[in-house]
Structure formats: C-alpha cells, structure tokens
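Colleague: Per TrEMBL, the feature region 'Disordered' maps to B:28-59. Summarising the annotation, TrEMBL assigns compositional bias 'Acidic residues' to B:49-59. Under the heading domain 'Yip1', TrEMBL lists B:101-273. According to TrEMBL, the feature transmembrane segment maps to B:120-141, B:161-185, B:197-222, B:228-250, B:257-281.
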C-alpha cells in the first residue's frame, strides 16, 4: 500500500509537472517522499532549497538519471537500472519532440494529411498503456509505470530516425532519399523492438513471451510507418 | 395348528426393538436402487445425429462446463477476473489461429479449440493488426496505382486509420453482442442443444477475422480479378468457420429462422470484406491507350498503361 501511494504520488507529480510546468509550486516537485500528496501546505524537510526558484524543478540528480537511461537504451543490456528507478520525463520529452517533428507535412489538406500532434501523442501513450495492460493480464510481474517507462524510453531510436529523415528530406525527396530513409527507419525500428524486448522479456512467463513481444512489435511498426510516410510540404 | 391369536392382526415393533428382544434373528435389508443420472444428450440421440457428437464434443463437454463454472469466480471489479480471459499460452493462440485458417469440415471451432477457455487476447490483437494492415496496405496500394501520374502527390491518409479502427472493432464486438442476444432469446423459446456464452462468440468472430490479414496484404496487387478472387476465398474460409459454429445452435429452431440467421451472419461478414476493399483500396484503372509516341524509325507506337 505504501509502495502504491509512493508511486501514485510520483505519477501525479509527473503528470502535473507535464501540464503546468511553469506555474507549479517548487515544493511539490522537489518533494521525493511519499506523502507529499497530503503535505501540500506543510513544509518539506527533505527538500533542500525550499525557497529556491523553479530551477529546483530540474535537480541535477534527476537529469543524470534521465541521461543514464538514455545511455541504457542506446546499449541495451540486461540491467535493472532502467526498471528500478522509473521516471516518465524521458518518454514525455521523446513523445513531444517526435510529435512536433511529425508536423509540417501536408499541412494544407485537412483530411488526408499526416497525423496531427494529438494523434501521435494519443497513439504513443494509449499504445504504451494497452501494451502494459496486456503484459500484466498475461501474468507479467513488471509494474505498470516501469513498463510505461521502458516503452517510452525505447522510442528514442525512432526519434533519432525522425531527425535523420527530416535532414535527408532537406536534401531532396527522390528515390535515393527514400531508400536511405527506409534503411534508417528499418534499422531503428529493429533497435527499438530489440531494446524493449531485452528489458521486458524477463518479467514474462516463459510460455507467453511471444504473446507479449508481438504487440510491442506492432506498436513500434506503427510509429515507424508514421515516420517513413512523412512527406514535407 | 394356528391358534386364534396367530391369525389376529399384529403390529410389529420397530426393527431395533425386535432385534433387542431377539438378537439372533436373521435380518434382510432392502435398499432403493440408486438412479444414475444419464447423460442428457443421450436421451435425444437419434440415428441421424451422430455428427452432433463430433460437432459438440459431448464426451468432455460436461466436464469442461463444470470446470468453466469453477474458473471465473473472482468478482468483476478485481483485476483477477480479467486475467482469466488472458489465460492462454502461445501455442494455444497459434492453434486457434490455425483452426480458423484451415477449418476442418464438420468440426465446431468453439468446441474443438476454445473448449470453455475463451480468451480476449486473440480477438483484440487480431483486430488491431487488421486495422493497421488495411490502412497501410490501402495506402501502399493507392501509391502504386497512382505512381506514374504527374498530378499525384503522396499523402499518408492517416484519417483512415481511425475509420478502420471504428469499423472493425464495432463489427467484432457489436455483431457478436447482437447475435448472442438473439440466440438467448430463441433459447428461451426453443430448447437448443447448444448455447454459447458471449465471450465464446466474440472469440469465434475475432479468430475468424484472421484470414483477412494476409488477404489485405495481397490486395495491394492492383488487379481487379485477383482482388475479387481473394475476397471470395477469404469469405469462404472464415464464413465456413462461422457457419459450422452457429448452425448447431439454430438448427432446432424454425427452419426459416435458422436459415435467416446463418444467412445474416454470412451477409454481414461479406459486407465487411467488400466494404473494406471498396473504401480503402482505390480501383485499379483499366487499360487506357496512352498518347501516340513517335518511335525512332518513324513508325508510331501506342503504349498502354495500367
């Protein structure tokens, strides 16, 4: 129960931090302990620098944790660091940047253009939630937010692919550029899927691994398709 | 010679009291013969119904129904209740998919593969895969059809994904709901041999949609004949799975209602296939004679584009 409160508290803080980034009380963000939901008005003993400005929001500790997770995704090994200290900052940043980069394609046609910002956002987060629920219903032992954290961080290779695609499209939009984009997106798709499988596969029952891996494959395939079919204005 | 007393009516005491008076008397006990409950189905066995056994799997259907009653005992607001619907292993899902793609004539899909363990994994993820397959294949097919034209600009057509998702999930969940309600209503009027639970019907519909996934990929080929052959073939395969499942459930009913029910099931299935083909895949153009191009040696060449 205590664990649940702690993690729900973390999630609420992260969710609130995502939407009200500027106007949020630094007391709420800096407080790492579990009962800050109930201690909003009180003073916080363990938060150093209670009177500091919003810089308290991005403590160096948190930034280092996020950075370490990015490195773990680049070189996926079976380490539990990504799973233990989950956070949703990295996935949020990746998702927003990917959705922003997917804008600007066929902007004039309302009907048949690329995905809107909200659509990309919903697909990534709703897809991650559905996959997590699926793995938990099949008997997985991983926690809800840990799984969301892994799936979100493993979108990073695809975000890099999107960046490369936009740069290649600046040079031209012919067949050669399409082949380059196809190879890059294909490689990053394989990397994402393998990275997330490496982290998540151990927590699944052994005779249901394929049932859990297939939705992850489908998820990254859909994101790769959105990246590959991006056509600039 | 019997005395007058012997011929008078006597009331006999309880057996215990009599035995207490005379412990050495021989005793006989008569028990009621125990009624062994016969298998209900055997009462209705007629010579022409042997195929029922194969279709229904009567030898273990009683046992599996008992087991099913014991399984889902968690209340519906707990997570464990929903976990019972995902109690399948990889090989079971693959077996069910194989059974929907290669229907054995005369075998009921529900009795043979599902066996009172309906899962929601198959229906949900097959529908999700089908949604994205149709959207992606439709987009690719339109791209290849319109490729050479100078006025064509490629658009990803992302709106169609939401339309595909709404259509396919509505079909895979609302049609089983309607069919289940209809079967329950007829069940109250006519005593059917077979009645399916709602989840078993959802399961059959979900797995029967699997054949449309490779069909949608093959629909990229821009030939009308090929596409219609694929429609007919996939409709036969998945339609036969549905017919062999639902015919035993409505056979005892009024003949016209039974035929109408099965015909409606097949008609809706066909409507889904044809509707997806018509909406997501542009019609491949017929052969149009292109403008006359003068060749090198002076003769004119008419080229055809398709």
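Every residue, even glycine, has its Cβ placed from backbone N, Cα and C.
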Colleague: What residues elsewhere in the chain lie close to the transmembrane segment (B:257-281), defined as a C-beta under 8 angstroms and at least 6 residues from its ends?
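Modeller: Long-range Cβ neighbours of the transmembrane segment (B:257-281): 134-135, 137-138, 141-142, 160, 163-164, 167-168, 171, 175, 179, 182, 186, 208, 212, 215-216, 219, 227, 231, 234-235, 238-239, 242-243, 246-247, 250-251.
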Colleague: The domain 'Yip1' (B:101-273): mean pLDDT?
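Modeller: Overall, the domain 'Yip1' (B:101-273) comes to a mean pLDDT of 88.
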Colleague: Give residue numbers and ranges for long-range contacts of the transmembrane segment (B:197-222): same chain, 6 or more residues beyond its ends, CB-CB under 8 A.
Modeller: 85, 96-97, 99-101, 109-110, 114, 116, 118-120, 122-124, 126-127, 129-130, 133-134, 137-138, 140-141, 144-145, 168, 171-173, 175-177, 179-180, 183, 230-231, 233-234, 237-238, 241-242, 245, 269, 273, 276-277, 281, 284, 306
Colleague: Quick test of the contact rule: Cβ under 8 Å, at least six residues beyond the ends. What residues does that give for the transmembrane segment (B:228-250)?
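Modeller: Residues 52, 55-56, 99-101, 103, 105-110, 179, 183, 186, 192-196, 204-205, 207-212, 215, 218-219, 257-258, 261-262, 265-266, 269-270, 273-274, 277 contact the transmembrane segment (B:228-250) from elsewhere in the chain.
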